[in-house]
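Feature annotations, courtesy of TrEMBL:
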type: BINDING; residues: Asp49, Asp329; note: Mg(2+) binding site
type: ACT_SITE; residues: Asp49; note: active site, nucleophile
type: BINDING; residues: Asp51; note: GMP binding site
type: ACT_SITE; residues: Asp51; note: active site, proton donor
Amino acid sequence: MSNIEGARGHQALENPSLYVGFLANSVNPNTIFANNEMSLHDIEIYGFDYDYTLAFYSRHLHTLIFNIARDILIQEHRYPEGLREYEYIPNFVVRGLHYDVQKALLMKIDAFHYIQLGTVYRGLHPVPDKEVIAMYDGCHVPLENMSDFYGKSSHGHTMKQFMDIFSLPEMNLLCCVNDYFMKHNIDYEPVHLYKDVKAAIGDVHVKGIMYRNYISYGEQTHAVLKKLYEDGKKMFLITNSPFDFVDRGMNYIVGKDWRDLFDIVIVQADKPGFFNDRRKPFRRVTDKGVLHWDRIHKLEKGKIYKQGNLYEFLRLTGWRGSKVLYFGDHIYSDLADLTLKHGWRTGAIIPELRKEIKIMNTEQYVHLMTWLQGLTGLIEHMQVHRDPASQSVVQEWIKEREAMRSQTKDIFNSQFGSLFRTYHNPTYFSRRLSRFADIYMASLSCLLNYDFQHTFFPRRTPLQHESPFWPEQTSAGALKILERRRAKT
């Protein structure tokens, strides 16, 4: 008899007591999560981005951006008329994906620069694992080929990382155009395609077509700003959007007196350049868009400024260090420089959190993850038994583990899985989030659940050499699961 005989033939974890406890401790989607310990008691000044931080947009906006950019490709870049047959595909892609500009491949990469097999797409179709391994001589992407610090493809980097929510229609359009060219056997240069799609998407934003009537909700933005204002906090806005767009949106979300809440308003800031380029001075602009030529000696409440740079901002305000907390949705453009160079505290707005947490709270997901952890522990512990019967069962477990890993991926997104994980590893997106954001949350409204004396503590998760606190993560815990199963048979 093998050392693990009797474990064959199981289809699922049959003892519900193993995961009922986790269901009882489900995560509140409105929680603020900490990567770094931070107390609101220390925060005197609050800063905000605008898009997907103060204002959220209807899903129809992505369809609009896709359609207009597709038509720009056809009308201005002379792409085939047949592209009009393609429509925006909701839920096809997720944020944080990498695009190989030279190979025209969209993929998910983990925190260690490894490609997650099964998530590599050419056009609208997955690329077989063997082909991916052959193209990349394995699954690892060297550092010199990865995107640059801001996720861009430049200076020899062949990868572009799509980090903001507005990039969803751009990824969709890239996949659709690639699909059309392949379907019709059209020879094309992938680099030109990438640049043309990028230019078309940029034209949509520059022309301001997307700025009309697509604000969906403010996620209790007014209540958050009012709470901060009444507590005597200083507030400022630094956004890349133009004033007329911000003004219309804030009138809708907060009211016509929205500017009374802010001490400083800066528009068309050109982030991330705003945080690094010392050369651009501030310029005052009127409500009607008229530019003033006078030198700016101080930033005054009630006035609107454009461009400028952070170094001048710091000189004029004195708002330095950890007493400042800035919120944004783009981990690179909004947060990275602030935390690395200037010591501001940073808060990331991740709207996808709500959906992912709700999925993780389901019985199906908890059931899968509990057994997946247990199964991994069994394989780790039992692999030392080299008799044929034991090895046969271990191989069956390995196959089941692979199938279950694919199942857990598909629960979030059937093409690319979770924004935060590539199977068990964090995604490249997660790695950057944990490095550049002190705290993160689904929306600013989560702040309403805390008072201004609250301290956010990161969870102490065990390092690999430390003893875990979750029994099912250990080999001993896995053996207990097995013993329970054998007792039932």
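Yeah, the Cβs are placed from backbone N, Cα and C, and that goes for glycine too.
Annotations in TrEMBL come from automatic prediction, not curation.
In the structure as shown, the Cβ atom of Asp49 (Mg(2+) binding site) sits within 10 Å of 24 other Cβ atoms. Each residue contributes its Cα atom, and for Asp51 (GMP binding site) and Asp329 (Mg(2+) binding site) those atoms are 8 Å apart.
Here Asp329 (Mg(2+) binding site) comes close to Asp49, Asp51, Tyr52, Thr53, Asp164, Ile165, Ala348, Ile349, Ile350, Pro351: these same-chain residues lie at least six apart in sequence, with C-beta atoms under 8 angstroms from its C-beta.
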